[in-house]
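Report on the following structure.
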Amino acid sequence: MQSLMLQPISYINGTINLPGSKSVSNRALLLAAFAKGATCLTNLLDSDDIRHMLNALAALGISYRLSDDRTCCEVDGIGGLITHQGPIELFLGNAGTAMRPLTAALCLGKNDVVLTGEPRMKERPIGHLVDALRQGGAEIDYLEQENYPPLHVKGGFVGGKVMVDGRVSSQFLTALLMAAPLAENDSEIHIQGELVSKPYIDITLALMKSFGITINHDQYQIFHIKGRQQYVSPGHYLVEGDASSASYFLAAAAIKGGTVRVTGIGKNSLQGDTKFANVLEKMGAKIRWGDDFVECERGTLTGIDMDMNEIPDAAMTIATTALFAAGETVIRNIYNWRVKETDRLHAMATELRKVGAEVEEGVDYIRITPPPRLLPAEIGTYNDHRMAMCFSLVALSDTPVTILDPGCTAKTFPDYFNQLERLSQRKS
């Protein structure tokens, strides 16, 4: 296995231009495929998850043209349902942002499609989405373990009244919302339990609006969707920078700035993970917002106790930032860490202990007390891009850190370590 040793970083300063958002990129690709007319997507993320979506769309007969650097994509929309004549198997890696929406999309009309992926994908639950789609008439079979991929999707979803559990992943609701306007009948989606990661639903609704479809909802509990609608291309769509990826550079500035300015997101961003900057501010960092940037300056950091259900990905960065804050930090209401690329609660607790932190791992929370001095460690990344990027922050101490399998950042930010190095200064 490859490894990367990061030597202690004494100072962080500069500007980072963010790659496109994974969440926005894959939603936009699917809506562009559904839409009437061609759509030119710019600042598309070039990463493993996006490649899986692009490969799947190509296999399903959607034509598109990519720029040489893969950040601009012109998609020829089909103006309706995505159907495929004859059986086909689509391999989606560990891309939840491809698996969940495509499951719903391919339930429209008639299909004969198998959706599969890496071993970890087969451990990530999808039963709540399948249950909801079946309520609307879809025919879906589990090919291995009940409630988990791989799936055999045959179509049949016509809409109607559907109940979906909101407690595990907002991607289930996103998948239903994007597919429902194309169903034969009107749909009424009822949320059971507390809806996690609500800002990600706002991303979905904003994107759908850009493609001509508006959805009404009652306090995120019941969503009303007219059937037999058509998505219409906006012509051009600019993909925002990835707010989750911004978190590492903003946290680095809070710990060892200098000042870091992140461009590609701003005060009017679609993404809930921009709220991460507000959390850093509560901890003591200095934050400044512009229309298309956010800037962080070093401050004296103190621990916090917060519900971070709305920013689960960026909350991971708070867990490693806590190593540099006075007192304990508690991150609450994050059960859905357990069903991400790995069981992130267990992984985070395990690796934080390696660097000397005192950690209490609860079912849906983590309590972190930093050590007087961080210990050198080899950090396991669990094939999880965010684990690798979060633990790079350990190098902001006077202790080196070794990141195992650093290439796993290719899922969302292939160039991450080069960009971190560009902003870093070390004692000569």
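Every residue gets a Cβ built from N, Cα and C, even glycine.
According to Swiss-Prot, the protein carries these features:
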type	residues	note
ACT_SITE	ASP313	active site, proton acceptor
BINDING	LYS22, SER23, ARG27, SER169, SER170, GLN171, SER197, ASP313, ASN336, LYS340	3-phosphoshikimate binding site
BINDING	LYS22, GLY96, ARG124, GLN171, ARG344, ARG386, LYS411	phosphoenolpyruvate binding site
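All features noted in Swiss-Prot, drawn onto the structure.
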residue : record                           : Cβ neighbours (10 Å)
LYS22   : 3-phosphoshikimate binding site  : 26
ARG27   : 3-phosphoshikimate binding site  : 27
GLY96   : phosphoenolpyruvate binding site : 21
ARG124  : phosphoenolpyruvate binding site : 21
SER170  : 3-phosphoshikimate binding site  : 27
GLN171  : phosphoenolpyruvate binding site : 26
SER197  : 3-phosphoshikimate binding site  : 24
ASP313  : active site, proton acceptor     : 28
ARG344  : phosphoenolpyruvate binding site : 25
LYS411  : phosphoenolpyruvate binding site : 23
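The number of other CB atoms found within 10 A of the CB of ARG386 (phosphoenolpyruvate binding site), across every protein chain shown, is 30. The CA atom of LYS411 (phosphoenolpyruvate binding site) is located 9 Å away from the CA atom of LYS22 (3-phosphoshikimate binding site).
Cα of ARG386 (phosphoenolpyruvate binding site) to Cα of ASN336 (3-phosphoshikimate binding site): a distance of 14 Å. For SER197 (3-phosphoshikimate binding site), the nearest of the binding-site residues GLY96, ARG124, GLN171 in terms of C-alpha separation is GLN171. The two recorded residues, GLY96 (phosphoenolpyruvate binding site) and the residue listed as 'active site, proton acceptor', have Cα atoms 14 Å apart. Within 10 Å of ARG344 (phosphoenolpyruvate binding site), as judged by C-alpha distances, the binding-site residues found are ASN336; the full candidate list was LYS22, ARG27, SER170, ASN336. The Cβ of ASN336 (3-phosphoshikimate binding site) has 20 neighbouring Cβ atoms from other residues within 10 Å, across all protein chains displayed.
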